[in-house]
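**Student:** One structure is given below, represented as structure tokens, and several questions about it will come after.
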Amino acid sequence: MEPLFPAPFWEVIYGSHLQGNLSLLSPNHSLLPPHLLLNASHGAFLPLGLKVTIVGLYLAVCVGGLLGNCLVMYVILRHTKMKTATNIYIFNLALADTLVLLTLPFQGTDILLGFWPFGNALCKTVIAIDYYNMFTSTFTLTAMSVDRYVAICHPIRALDVRTSSKAQAVNVAIWALASVVGVPVAIMGSAQVEDEEIECLVEIPTPQDYWGPVFAICIFLFSFIVPVLVISVCYSLMIRRLRGVRLLSGSREKDRNLRRITRLVLVVVAVFVGCWTPVQVFVLAQGLGVQPSSETAVAILRFCTALGYVNSCLNPILYAFLDENFKACFRKFCCASALRRDVQVSDRVRSIAKDVALACKTSETVPRPA
């Protein structure tokens with residue numbers, strides 16, 4: 001089998017030949033990752049400055065996203081009051097984002113060097129994580145939207161359905177469902193020599209003219225279109241319900257909480273869709289054989305890919321601004337960390353002062369020579 005699709009998204013949306021200019025490729029050609037894209041008119045590699053810019057963006061997203069998502073998971077695990085059904089889903093989203101952020105240094109190195117230097121095992125791992133993240137993120141956001149729908153439109157039933165234990169079970173089911181794609185692409189993925197360069201690719205079964213487009217369309221439908229449609233239906237029903245009723249729960253305080261959490265989930269979903277729509281469309285187009293025809297198009301596609309990963313570091317920021325409980329826990333964590341540093345500095349100063357005082361006292365008691 002000849003490799004058709006480069007597996008992770010930073011590779012899926014591009015294709016090129018080392019010994020020619022960019023062109024339209026039929027789906028049965030070998031597609032190479034973005035760092036091997038050639039200048040359409042000069043047959044040269046894209047500028048080093050562009051590579052460095054994208055790699056720098058990847059590293060910034062990696063560091064900021066890891067700090068934010070790890071803090072989100074810590075807060076949910078640390079505080080009992082944070083273990084609500086919605087926050088259990090948020091934990092799952094943060095976990096998926098953390099895993100994919102850990103792959104960005106490898107992806108950045110791949111782009112900068114122009115080849116995959118990390119071997120076959122890590123190639124399979126990065127491929128699997130990339131696809132797991134795509135499916136677990138969309139499935140988790142769908143579950144959060146359905147959870148919000150039940151809370152708003154069926155408040156009595158929600159008392160039995162919306163529990164943290166059931167949310168945990170849904171999270172397990174989400175990862176199991178994502179394995180339907182994650183495991184096969186990991187098996188098909190491998191580090192191969194393509195045009196004298198080592199590339200991390202996924203081998204699509206033959207006939208590739210058939211399975212290539214099928215693969216691309218299925219990924220587009222089940223990882224994006226279907227979840228977004230379900231989410232849209234849920235929020236349409238919720239908006240109609242919210243407009244038709246002044247009080248949802250009989251309590252103004254509970255009602256404010258319901259609306260606040262619903263707004264948070266809606267914003268998280270909207271940001272996700274905004275960040276991932278461009279790259280999803282380009283993935284579908286590439287799977288159908290359409291390739292970028294200029295260096296500018298290549299640059300745009302690369303930044304669209306980076307935008308998808310930027311989404312992974314935005315969620316903790318949204319929680320901090322839109323959810324009072326997360327904001328309070330984040331503030332408590334930061335204040336506690338600052339207090340611990342102050343205490344450590346104070347203890348160190350006192351220790352030094354004691355040592356100096358003891359040294360001075362010792363020098364005073366030592367008899368001077370006659």
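Cβ coordinates are placed from backbone N, Cα and C, and glycine is handled just like the others.
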**Student:** Which candidate, C62, C70, C200, does Swiss-Prot give as the disulfide partner of C123?
**Tutor:** C200
**Student:** Would you confirm whether, in Swiss-Prot, K81 and C329 belong to the same side of the membrane?
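**Tutor:** Same side, per Swiss-Prot.
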**Student:** Give the nonlocal contacts of the transmembrane segment (49-74) in its own chain as ranges (CB under 8 Å, at least six residues past its ends).
**Tutor:** 35, 90-91, 94-95, 97-98, 101-102, 104-105, 107-109, 111-112, 299, 302-303, 306, 309-310, 312-313, 315-317, 319, 326, 330, 333
**Student:** List, by number or range, the same-chain residues at least 6 past the topological domain 'Cytoplasmic' (147-165) whose CB is under 8 A from its CB atoms?
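**Tutor:** Residues packing against the topological domain 'Cytoplasmic' (147-165) from afar: 83-86, 88-89, 234-235, 237-238, 241-242, 248-249, 258, 261-262, 265.
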**Student:** Three states by DSSP: which one describes C123 (disulfide bond)?
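**Tutor:** Once the DSSP labels are grouped into three classes, C123 (disulfide bond) ends up as helix.
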